[in-house]
Each structure stands twice: as C-alpha cells, then as structure tokens.
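One structure is given below, encoded as structure tokens.
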Amino acid sequence: SNIMVCIAVYRLCALRSPLWVSAVGHSRVPLIALSAWSAAFFIALPQLFIWRTSTAEFSLSGGPTQTATQCVSVWTANLNNNITLTERDHTIMMAYNMLQILLIFYAPLAVVATCYVLILKV
C-alpha cells in the first residue's frame, strides 16, 4: 500500500508540476521507494513481538487426536492454552489491531483517494 501511495503522489506531482518532475523528480524515485519500504518495515516491526507459533490439538469426527502448528498472535495462543485474557490484554489487542488496520489500509487509502480526486479535478 505504501508503494501505491508513492505512485499516486508521484502522478499528482507529475500532473501539477511536469517541469519539476522531468528535471528533479526522476532522481527522487529511489528515495521515495526506500521511504515506502522503510515505513512498511517500521509498521511491521511490532509483529516480531506479537506473533508466535502455537500448536493446537483437535479431533475430527471423534477420530484420533491430531495436532496443527500455526502462526498466531500471543492473545490467540493464550486462548488456545485456556488462559483467560485480562482487560488490559484485551485493550492492547484491540489497540494493536486497530492501529495496524489504520496504518496498513485506511491511511494509505485516504492519501491515494485524495491524490486521485485532485488529479481528476486538474
């Protein structure tokens, strides 16, 4: 989504200031791409501490017990191990999820939509 934001902003700049983009803009493309990847890295960094592998046991149709290992959040791992979440854990989980959704989807969507509305206006 960060690359899509960069493309939208670059297109808006190219439409509004074509001389600037042809003179200076092309040299800034690597810096723009690096900033998009850096933002994605820092947004994803908390996931190193949030996600764990967890093994769950289950039985299909009363058959033998099987195990499955998957990557889950620490809160889901606690629930799988029958550990009740505290109110603080629940609040942190909701804040983390909302912040990730905001930073990964809604903020880039707002920037891209704004850029393309301004492009259409021009």
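Placement of Cβ uses the backbone N, Cα and C atoms for every residue, glycine included.
Using DSSP to sort the residues of the domain 'G-protein coupled receptors family 1 profile' (1-122) gives these counts of helix, strand and coil: 88 helix, 18 strand, 16 coil. Residues or ranges marked as domain 'G-protein coupled receptors family 1 profile' in TrEMBL: 1-122.
The transmembrane segment feature in TrEMBL is assigned to 29-51 (among others).
According to TrEMBL, the transmembrane segment annotation covers 98-119 (among others). Tertiary proximity for the transmembrane segment (98-119) is limited to same-chain residues at least six positions away from its ends with a CB under 8 Å from its CB atoms, namely 1-2, 4-5, 8-9, 11-12, 15-16, 43.
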